[in-house]
Amino acid sequence: MATTSSGLRPAQRTEKQRIMQQQQGVSHGWNSLTRSLNYGQQSLRSKDTKPVPSSRRSVTPTSRSLYRDFDDDNDSGRVRVAVRLRPRNAEDLLSDADFADCVELQPELKRLKLRKNSWSSESYRFDEVFTETASQKRVYEVVAKPVVESVLSGYNGTVMAYGQTGTGKTFTLGRLGKNDASERGIMVRALEDIMDNISIAFDTVEVSYLQLYMESIQDLLAPEKTNIPINEDPKTGEVSLPGAITVKLRDLHHFLELLQIGEANRHAANTKLNTESSRSHAILMVNIRRSVPGKVEDDISYQDKITKGNFPIVRKSKLLIVDLAGSERLDKSGSEGLLLEEAKFINLSLTSLGKCINALAENCPHIPTRDSKLTRLLRDSFGGSARTSLIITIGPSSRHHAETTSTIMFGQRAMKIVNVVKLKEEFDYESLCRKLEAQVDLLTAEIDRQQKLRQSEKSSFEKQLQECQDCFQETRKTLVTRSEFLEKENTRLELDMEDNLAELNCQKDHNNLMQDKIADLEMRLKQSQQHQLENSTYQKLLADTTEMYEKKIAELIKQLEVERARSKTAEEQLNSMKKLSGDHHNLTQQQEMENSKHQKALVDTTRIYEKKIMELTKQLEDEHTRSEDVQEQLHFANKRQTDYQNSMQKQEEMSELRLELQEMYQLHESTINELQSLKAEFKDQIEEKESITVKLYAVQEKLSAEEKQRKTIEYELEKLKKSAPEGDTDFEDEESYMKENIRGNSVLGTSASLRKAGPLRVTKSAAQRVIVAKICEEVGIQKIVRLLNSEDLDVQIHAVKVIANLAAEEVNQENIVKEGGLDALLTMLRSSQNATILRVASGAMANLAMNEMNQSLIMSRGGAQLLAKTASKTDDPQTLRMVAGALANLCGNEKLHMMLKEDGGVKALLGMVRCTNSDVVAQVARGMANFAKCESRAIVQGYRKGRSLLMEEGALEWLIGNCNIASASTRRHVELALCHLAQNSKQSSGIEISMHL
Ligand code: ADP
């Protein structure tokens, strides 16, 4: 018996547990099957953990089972025992007609009463009690069907009939029922069920039909095979008869044929042996081999199952249907003439079975199974692992009371035997082996196929490889050729690239040159545009001025005509006065003569007037012509500036002329008034002779005054006459004036330089000074300074010119600075873009810079920086001359040298020599001389040391290079500067100058 063992390994334990679970499942299945026989298969199976294969045949729901009332777990393996009572036969009816039956059945109580005698009986309980009317079908379903189902589930099973000969054992078990299927016995019904519930394709059913007689086993299907040995597996205890034929059943009909053959052979054998069939044991051995559903058949996952250890499982179960020999005594069976030994052998197996049953029923430690072949064959059926049903058959006759009692007692003892049913399941190594072999064959074929494929592919690859190698060689040759060609091409391209690079560089240089030219042209264009703008302004101004001139001239001509008319009138008046005088007063002839003289003088004066007016008119016409010429000249770009200056001078001259004409007009007015007075006097003379003389005196005086005025006008006209044809600009006058003043007030200036100015210029400058002084008196410096900030550019220009002229006078400088003139000039330099303003303001700065106090103010207010900036943004020689003059003046103040240097004044001064204009160069030279001299003075006085700041700015090279300059005054300044620098150098450190010199 397989019980749990603590000594098992885990895997073994697991397998053991599985088997135990299956056993329990079978047990349940047994019970469920049992229940299904009684209450319906469908409802009970749902509770099973492991369903028992369903029978294809329907089971009668009302059938009862041997296992219905004993389905507890403890009793599930117990041998079930049913008792069947044979109906009375003819013999019984004859023999026992007067006797009652020895047994009384109580089938509803499953009890049997055995009469001991007429008054007492004993009751026995069985698993089932069949009356004489019990059908074969019901007997099968109650006794054998559960065992058959169990065998189909993989358990061994035994169905055995025990009883006295003639009680119906063979009827119950081996009835063929050829004519009446209802009479079929258990063997046929069991095989019918088995064949219906297996699959011929996967399962096998093999049968052997044997007879045991005299401890010899004979094969009923092959009667020649006798004394077949029993083989017991020492490991499993399985009993087999390898010498017996096993026939694999095809169907039930096949079995019926075999059974019929077996019965025939049994009958023939008994006849031959002169025995009765009741003395032999007939054994139908049915071996069922079933594959576990869902484990072996699934070929698709078969390999996986092997890999995972899921081997195919097969259940090998065995059903034994044993028709035992009659249990009666030998003498009762009619076997007479037998030797005692024979009798012993005939009965040995049955006796041995009884002993084993007894031992098992009494739980004896030793079961004598090996005493007979029957007990060896039934070893698993009683006390083993098979499910066993025993049907005992009895007859009703009292004549066989003892046998009946013996049979009942045998059954009672057998009921006590409990088997431990065990699933006969094992790995289906054969199937596995077959499948694996098939798999191996398949895989071998696949490998062969793959090898052939590989071989084919290898050949193909080798061929392709050869082709690739050929192609590679060819490509390599092509590449080499191509590479050589590309190298040559590369070399050629490099050369081309170098050429292109050189060409590009040339192009680049050319482009740079062109860019410079473009920049230069753009600058020129800008200047030209500026000049054009200025020209248009000048032209407009000139046109206005000319128009004004024309108007003035027209007015003057008109006035002269009026004057002539008046003179004529006056002459007429004089003639009338003369006539009146001649008529009325001889005494006054002398006076008349004088009057005539006066008249003559007046005529002369008038003539002179007319002459002067004519000249003036001519001059004006000339001036007009000249203005037109100037206007034409304005079209020339290179003379624009000069023409502009001329126009400005003319404008100023026109202003002066306008003033003079205004004065003349006033004089003419007064003359007219006087003439009217004379007329009135002449009229009065008629009335008052005495007063005529007085009036004549008065007239004479007035005429004298007129003459005086006339002379003055003549003088002015003369001055205009002389000044106008020269065509010089007020700027030049201003320049000379400034220059004279600069020179006169410079450090180096002497009175000699002042004297060097031409007398005309001095006279003209003096006249201008008079005019300016007059303006200053009338307007006041404060207002003029205020005009410097005017928004009107013309006003600004006039104002800065006046301020520049006023600044030339030292007496005005203090007022100019006091009234904010210096600041206004600095603002102009800082912000104005007008060239005239920059030029004139620079000149004004130069004039103011003559004063030492102003010098400090100019420097402290950034004047040097502004002058340097002005110098840097213009190439106009006049402006540069003004700036250079201003800086030269500032160079004369030693205290300001460092600041002047730091503000870029010295560098700007030196930089202006780029303009080759002699006046500019002269101013630069003067500034250097001033600077060097001041340094020299400071060194001599002992409050300066070190290298000359001038030399630090690189002045020395220029001075040395211009020692032989053409202009005497400039050369003198250069020489003077060099002398001072040499002196300074000698005193401070070096021999630098002397070496250069
Ligand atoms: P055994 O095998 O026990 O010697 P048999 O099966 O040969 O007995 O039966 C003897 C006779 O009794 C047979 O003719 C059989 O037909 C008959 N017989 C036995 N049991 C029954 C039964 N239950 N119903 C009808 N006839 C029976």
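Note: Cβ is positioned from N, Cα and C throughout, glycine not excepted.
TrEMBL does not curate its annotations; it predicts them automatically.
Per TrEMBL, ATP binding site is recorded for GLY163, GLN164, THR165, GLY166, THR167, GLY168, LYS169, THR170. Reduced to three states, the DSSP call for LYS169 (ATP binding site) is helix.
For 483-580 (among others), the entry in TrEMBL reads coiled coil.
Here the coiled coil (613-723) returns a mean pLDDT of 72 for the predicted model. The feature coiled coil is assigned by TrEMBL to 613-723 (among others).
According to TrEMBL, the feature compositional bias 'Polar residues' maps to 19-44.
Taken from TrEMBL, the feature compositional bias 'Low complexity' applies to 51-65.
According to TrEMBL, the domain 'Kinesin motor' annotation covers 78-417.
The feature region 'Disordered' is assigned by TrEMBL to 1-71.
According to TrEMBL, the feature repeat 'ARM' maps to 779-821 (among others). In terms of DSSP helix, strand and coil, the repeat 'ARM' (779-821) has 33 helix, 0 strand, 10 coil.
What TrEMBL lists as repeat 'ARM' is 820-863 (among others).
The Cβ neighbour count for THR165 (ATP binding site), using a 10 Å radius and every protein chain shown, is 21. In sequence order, ARG86, ALA161, PHE171, SER278, GLY326, THR393, GLY395 are the same-chain residues whose CB sits within 8 A of the CB centroid of GLY163, GLN164, THR165, GLY166, THR167, GLY168, LYS169, THR170, the residues recorded for ATP being left out. Counting only same-chain residues six or more apart in sequence, the Cβ atoms lying under 8 angstroms from the Cβ of GLY166 (ATP binding site) belong to ARG86, ASN89, SER278, GLY326, GLY395. Neighbour counts were taken as the number of other C-beta atoms within 10 angstroms of each residue's C-beta; across the binding-site residues GLN164, THR167, THR170, the minimum falls on THR170. Counting other Cβ atoms within 10 Å of each Cβ, the lowest count among the binding-site residues GLY163, GLY168 belongs to GLY168.
In the three-state DSSP assignment, the secondary structure recorded for GLN164 (ATP binding site) is coil. Listed in sequence order, ALA161, TYR162, GLY163, ASP323, LEU324, GLY326, THR393 are the same-chain residues six or more apart from LYS169 (ATP binding site) with CB atoms under 8 A from its CB.
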